[in-house]
Each structure stands twice: as structure tokens, then as C-alpha cells.
Amino acid sequence: MDIKLSLVIPTFNEAGNIGSLIKRIDNSLRKSKINYEIIVVDDHSNDDTNKIVNSLTRDYPLSLHFKKGKKGKSYSLLEGFGYAKYGYVCMIDGDLQFPPEAIPEMISLLDKNGLVIAERKSYFGSPLRKLASKINEFVFGKLILGLPYDIQSGLKVFKKELISHIDPKSIGEWSLDIPLVYTAAELGYKIGTVDITYEKRRSGVSKVNIFKTTLELTMSALKTRLLHKKIYKLLPETKNSAIGAGIIKDRRRFITHTLLPLEKSAVVTFLSWQKVLLFIIFLVFVSGLLLSPRNLLIFSVAILSLIYFIDTIFNLFILQKSLHKAEEITSTPQDLSEIDPTKVPIYSILCPMHKEEGVLPQFIEGISKLDWPKEKLDVLLLLEEDDVGTIDKVNRMNLPPYIKPLIVPDSLPKTKPKACNYGLVHARGEYVVIYDAEDIPDPDQLKKAHLGFLKSPKNVICLQAKLNYYNPGHNLLTRLFTAEYSLWFDIILPGLQAINTTIPLGGTSNHFRKKDLLALFGWDPFNVTEDCDLGVRLFREGYKTAIIDSTTLEEANSRFGNWLRQRSRWIKGYIQTYFIHNREPLKFIKKHGFQTLVFQLVIGGRIAFILINPILWATTISYFIFRPVIGVAIESIYPAPVFYIAVTSLVIGNFVCLINYMVGLAKRKHWILIKYVYLVPLYWLMVSSAAIKAVFQLIIKPHYWEKTQHGFHLDATFSFVAPNPKVRILIFNWRDTKHVYAGGAEVYIDELAKRWVEKGNEVTIFCGNDGNKNRNENVNGINIIRRGGFYLVYLWAFLYYEFKFKGKFDVVIDSQNGIPFFTPLYVREKIFGLMFHVHQEVFLKSLLPPLAQIASFLEKRIVPRIYAGTEFITISPSTKTAMESIGIGQTDIHIIYPGVDMPVMRTRKRNKNPTILYLGRLKFYKSVSVLLKAAKTIIDKFPNLQIVIAGEGEEKYNLMKLANRLGISKIIKFTGRVSEYQKSHLYQKAWVFVNPSLIEGWGLTSIEANSYGTPVLSGPIRK
């Protein structure tokens, strides 16, 4: 170890020893190549000690200081420590009884220990002194302090930072060693030892009065044991940063990266007076049950009924304010468009991640869509040092330059707010926002927050975006969870903002100015609902939170166990927050008045109701079920006034609560979820079960952060990496690419399937057969099963699913080329509908009555009903709009645009003569006849015109007849089906590509033509 050492020697009349001691120190340290300084603090010796030390200052790195404070060895050492300029300190008595030759060995142990003690194993001192030392070691060390060391040894080496943590009240004339060693143990330092021989004093006399010193040591040991600090502060690594700051509690280090005052932190949940008050309440309740249970129950029921009644009135009040005095900050599209991207500040995004490799791609995609200059984005992925999986995933990804991983050093507490504090110090932006790993924020959210800060007064230092869920239809739990979030963020929080009160923040999408957040010391790393605490804390400091009209979508927990872990942590954090901000209740009331009552209702009342509700429900249900047995007893604790208040709260209170849920869902346009509000009481029961767990954990593990696993919504999809990397995908499609009438839809599906196979997934396509292809085939790793023809393929699909496919796939894709497979009627796996066009107009023009009307009715009336809960995929915004117009895709419609492989090179020149190309299936709705009729009108102007029609289909014969009838058959060339090579040749030779189709979602052939630089002329073209 490269250590620089400060040696402190306390002296009083040590003229016969000090010179030899200094020379021996120098000799042993120089041999070991240890840089050092010697600090002698003399307690006003009346011999030649000072003269000898002064004479040696020319030859050694030595300084002499005369004692300024109280008399005694301990005070001399404390003054000497103040002069020390190095980070490691050695204290050694000046009487030469402790060998300085042991110091190098002691220093070698400092890489693993914070304190090293020279243990006196061999003893040549006086028998009385030896006996006293052994008694001290046993009584003070082992018995009182629980430390099996030679505590009073006069030779110790330790880290200088130890000194700042010692409580001066426990130090006496000779008793520095006891608090020094005990503090080292409390700070979590390991304590090493080196065995030495304690020499006989050669010169001078001992200054120790055995009996007086023993009494002093006894008092010091008791004070140290009983009155020592419970929490020790750790200073940050530098003055201008909170990095490395933290505390030591219960001999464990907690690196929090914040300087938040302890009185505002949840490191201690209950103050002593709060514990006493809770015990008194419990004692009074138990005494009441024993002495007068009926009167106690009447009193308790009356108080609870009154509180519930007040809460009912408050909920009505909040609903009214939310609906009639909405004060959320809104921004119009014009406002957003007027923002100058060159003048916006840097925006830092903190994303704490722990074991989130599954949702990482989704997060990066969501962030990439934010409408903010990418050079002004500072996205920090906060990765825990021990999270090898996520770190490895990030290292293998090609991240954009505005996204950077930041490794949070492994330390306690293992909480999200600790990681956020670390990220806050490293953030470069003027603004800071928190997003969770599963979040998908509105693309314009940063712009809205920026405008929100510009519009708001300076005391608005936090802007909270609304939160909701992107998977409400996953199961019943997600539906109820979504109803709760809609109530909270669309009714409760806007209502609280309207009355200018405290707003418990959401765990994500909180926007701050960085300087304001630093002034608040960031987040409390010991509060497991740090967002709620920060919202209350900023309000109590005189600041405000405002709501902005932007939403971040999250993943609603879809599994009860995972939900229970998350909800119990939230409730535990709310309890922590409640008791933290009630540490000085009178001061709270004096400063905030009525708002204190709001805090009690919103935070305290919410906790109390969750815990008390099951008791009241059980009482009410028992009354009606067992009325003949217990009815009279229950009625006796409800005097008339209390009864009317309680019934009002029961009926009106629950009615208002359910109405609030419905209004919240209506504001979110979650119309399909409103019917589930009637099941919310079941959800309340689940919340109460989580509250019981929260109370239990608060007692035994108050700071334990139960991990909420994300990505369950990905189990039902194939868009991102799932926990099981192999997803089994079944595709029902009319045809495959080898079918004689295959077209762009088949190419689109084939390209998707090939990509999924390349990622390790298993893909099976079930389709029809044109009669000339193998019934089973594997093409490019895709399993293809061909059964049935034009119509029977639908029957075969049902039979194959029922008898062969059921339970063997994770995802089913129902491709709808006119007639869907109606998979929701029989498939139990996750279904995605795939639609390329809406066929209403095609049916009416290409089918004869009554088939046209039947097909139109099926698509417009039946399909929306059967596929009501199905997510859809389509290929263009125009098709999405058409689908929505007839009610298809009520749950969600995803657009996956078609693409083409760009040609490697273009070797062909355009034809010398004007050439028009049509390439595709020859179907009636493709309207190729329009092209032929148009050619008739321009042939006189372009006598050398040539038209190439490539493709097959039942319309081919009619088109050939039409060309003959128009007299243009000589300029028309029907090539039939062409190979990929021939297709490339045709695209390059054509002057223009024509797509006259009656309707196309977005023609694949048009994109292919563009890739060759060939202009495209497309519809709508009407006959």
C-alpha cells in the first residue's frame, strides 16, 4: 500500500524517551519506504522534552506543538489529530513501552482494516499495571462494549476519518481509546491486531493513577455504550458533489449520494415520541376492551363513521374541483410547433433499471420517439453494478449517442431513489425527468414540460405527467388496476392541484429543474415510495406541483404475486411518508393550516381506510348473515346519530367512489372498462391484503425494496425480447408465396416470418393450396402447411387447430384477405389480427349479389364484434383509418409498414421507347382495365408506347379480350408470372410504373418500383 502516515505522540516529561522513540520510528519507517510526519503535542513538560524535540526537527519530518486545551493524554491526541495532514494516523505513547518497529506490519493490515491495534501479549511492565490492563480489556472491552481487543493499547493505526465520528462527550483525560475503537466497530470497519511485547519503562514515571483512571474508563465505557450515535454521517467524496455521501447505521454502510437531513429521511421510521404515542393508544384500546368494551366500540365506531363521512364529502369536493376547475397545464399543437429546437436546453432523462433486460428494447424505442433534439437529450440508464444481465444486454446493444449507461456502485440501500440520486449528480441537463424501464411517454411530453415551466410561476418546481397503462385488457387485474390509475391521475391529482395542496407524485414522469431538485437534496433513498415523499416535502418547503396534459403509459401488473409485492411496497412507503411528515405536527399545522387536514386524509386516511375496511366489511356482512345471533349486539354500538352517519358513508360514500372510478375511465375513454368498476370492491380487498403485508414488512424490513418484475405483457406478443427467447408463432393466411395467386400480402407475411425465425422463434404458416404444391414444406426455416382451397382452407384451419395446434403455440396471427379465419371463436392463445385493406368497396364491385352484400355485412358488422378484444396489425395509416371507421381494432391497431430489400445495383437502362409497367395479381379490383382504356386515349400521342403487364390471375383473359376490342393488343405484352430477376429487369426498363388498384393499403409493388428509381402513378383512379 502506498500510505502516507501522520504519527501523533502525546508527551509530558518524556525527555529520557522521546529522542530514542523518534529515531526508532524513523529507522523502521524508512526501511519500509513509508512517507510520514511526526507530530509531538507536549502537555507543558517541565523537563527537557521540548528542547530535545526542537533539536530533532532539522533531521526528521517532525513538528512540535504545545498543548492549548485541557490537560490529559486524550486531549493532546485530539489536538495532534487536528494537525495531521495525511489520511492515516498512528498514535503512540511517548514512554517507549510500545515498539515503533511494529508500525510497518500494522500499516500492511490497513488495506483490509480501518483500525489496527497493537495487542500486548508479552508484558514486562509493573504487575499492577499488567493486572489493570487485563481487567480493562475484559470489563470494558468484552463485557461492556463486546469488543475482544486490547482497547487501552497505546499504539494504534487507523483512518483519520474515524476522528470526526467520535462523540466528545464520552472522552475523558485518559479515555479516548474506548470511543475510538467502539466508533470504528460502529462504522463497520474491520479491526486488525498485531501482537507486541509491552516493554518496561526505562526512564521517567507513569502518569496514570490506576484507581482514578479506572473510574474514568468505567464512565466512558458506559457513556459510549448507552449514548453513542445511532447514525453516523459519511461525507461526500468532494465538496461540490453528493457522490459518496451516506450514513452508517447498525454497523452497515449506506451510500445514498444525498445530503438530505436525517430528520427528513425514513432511515428511522418512528421517532421515540411516536412509538410512545402508538403504545399509549394501544394500551388505551386494550384497557377499554377489558373495562368497558361496549363504550369503547361505540366511541371507536363514532370516530370512524365521522372520518368516513368527512372523506365522502372530501371526495365529492375533489370530483367537483377536478371537473369544473381543471388547472392542468395545456399546450396546443401550435404552441409545440413554435418551439425553436436550437434554443431549448439539455433535457436529462434518468432511467433506473434493475434486472430489466426484457423491456430495455421497448424503452429505447419509446425514448427514440420523443420530439426533442437528440443532441439536447441526455439519457442515463442507471444500472446497478451487480446487475450483470442488464449490463451485458446494454453492452451488446448499439445505443444511440444520446443514451449512455451509468453504473451505480454497489452499496446499500438497494433502492430506486439511491440510483436516481447518483444519476442526478451526473445529469447534464437543465431539466430532469424520471422514467421507469417499462415506460412509453408521449412523444411531445418534453416539449409540454418545457412550455409548462415557462408558463408557471417560479414556485412550481415539479410538473407531473399523467400515468396510465398500455395493457389494460391483459386480464381482470390489469383492468381494475387501470381503473384505479385513471381515478388517481385524472380525478384525484387534478382535484388536489385545484385546491393548491400537496400532490403525492407518481413514481415516474416527474419533471424538475435540476437546480431545484438538488436544492431539495433529491430523493430519500430509505423511503420505498420516494415519489410520494418528495411531493409532500416540496410542498412543505413552499413549492408546488402542477399537472401537464401529457401521458406516460406503463405496464399494468398482470400477475397477483407481482402486484402484491409492488402494492405492499407502495403502502409501506406511504406509511413511512406519513410518520416522517408528522414528526412536528404543530409546526405543520401552524405553517399550512387546512392543508394539514388534506394531508391527513390523502395520505393518513388512505392508509387507515385500507387497513380498517376489511373489519367493517366483515361486520356488515356478518350482521346480515347472522342477524338473529349477533344483530342486537352490532346494533347496540350504533346509536341513532352514529347509525345515520355510518349508513350515509356506506351508501353515498361507496357510490361516490365508484362514480369517481367511472368518471376517471370516461376521461381516459376506457369505455370498455367501465363495466368492471362494479368489481372494484374485490380489488379493495386485494389492496387490504397488501396493506397487512406492508405493516409486517415495515416492522422487520422497513427499507427492503421488493422488485417488481416487468415485461409480462411481452409474453403475449412478439415485438420485443421475451423472458423465453423462443416464441411459437402460428399464422393463418389464405395463401403463401408459392401459391399461383400469391401477392404482396404473402410477401409481407413471408418477410416478417423470416425475421422472426432469424431471431430464434418458431413460425408455422397454415394456408391454402393451389393443388400443385407440397402439403408440408419447410422454406427458410418456416414450417408451411397447405390444406384446402379457395374456401375450404377456413374449415381446415379450424380442424387443424382443434386437433393438432391447440396448446402448442404462444401467438396466433389471423391474416384477413377479405374473409377472416374468425379465430377468436376457437383460439385460446393471444391473437393478433392482420389486415391489409378494408374491402367494402371491393366486395360491392367485384362480387355479384347477394355475395357482395353478405361479404360486406360480415366485414362491417360481424368482424368488429367477434374481434372486439383483439389487437390488430396493419400496414398504413389510411388502412388504420378505414378500419376504425367500421369498428375494427377497438383494442389497438399497430402499424408495421411494408418494406423492400434495396437493389444492390442497377445495371439496366430505360427502354428507348416509352414503357409503362404493371406488375401484380390480375384481379378485378386491381383495375388494370383502367390502364388499358387510358392507353387507348394516348396512343396517338405516343405511337411507340409499350405496356407490359406482369402477373397472373382470373382477370387475365378479360384483359386480353379488352385489349383486342380496343385495338391496342400490339402494344400490350402479357408476361405471366415472372421471377425475381425478371421483375428487377422490368422495373429498371420501365419509364413509369402504374398501380390503378381500386384500393390498396400501401402497394408493395409501388415501393419496389421506387427502390429502382422508377416513378409510380397510382390511384384513386375511377373508371
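Cβ coordinates come from backbone N, Cα and C, glycine included.
These features come from TrEMBL:
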DOMAIN    6-134  domain 'Glycosyltransferase 2-like'
TRANSMEM  267-290  transmembrane segment
TRANSMEM  296-319  transmembrane segment
DOMAIN    431-622  domain 'Glycosyltransferase 2-like'
TRANSMEM  597-626  transmembrane segment
TRANSMEM  642-664  transmembrane segment
TRANSMEM  676-700  transmembrane segment
DOMAIN    743-901  domain 'Glycosyltransferase subfamily 4-like N-terminal'
TRANSMEM  784-801  transmembrane segment
DOMAIN    908-1019  domain 'Glycosyl transferase family 1'
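Within the same chain, residues 298, 301-302, 305-306, 308-309, 311-312, 315-316, 319, 323, 483-484, 486-492, 620, 674, 677-678, 680-681 sit at least 6 positions outside the transmembrane segment (642-664) and bring their C-beta atoms closer than 8 Å to a C-beta of that stretch.
Note: the domain 'Glycosyl transferase family 1' (908-1019) comprises 46 helix, 22 strand, 44 coil (DSSP; helix = H, G, I, strand = E, B). Beyond the transmembrane segment (784-801), the same-chain residues lying 6 or more positions past its ends with a Cβ under 8 Å from any Cβ of the stretch are 732, 734, 736, 764-771, 773-778, 819, 821-823, 826-827. Non-local neighbours of the transmembrane segment (267-290) in the same chain are 230-231, 247, 249, 254, 296, 299-300, 526, 575-576, 579-580, 582-583, 698, 702-703; each lies 6+ residues outside the stretch with a CB under 8 Å from one of its CB atoms. For the domain 'Glycosyltransferase 2-like' (6-134), DSSP puts the residue distribution at 50 helix, 33 strand, 46 coil.
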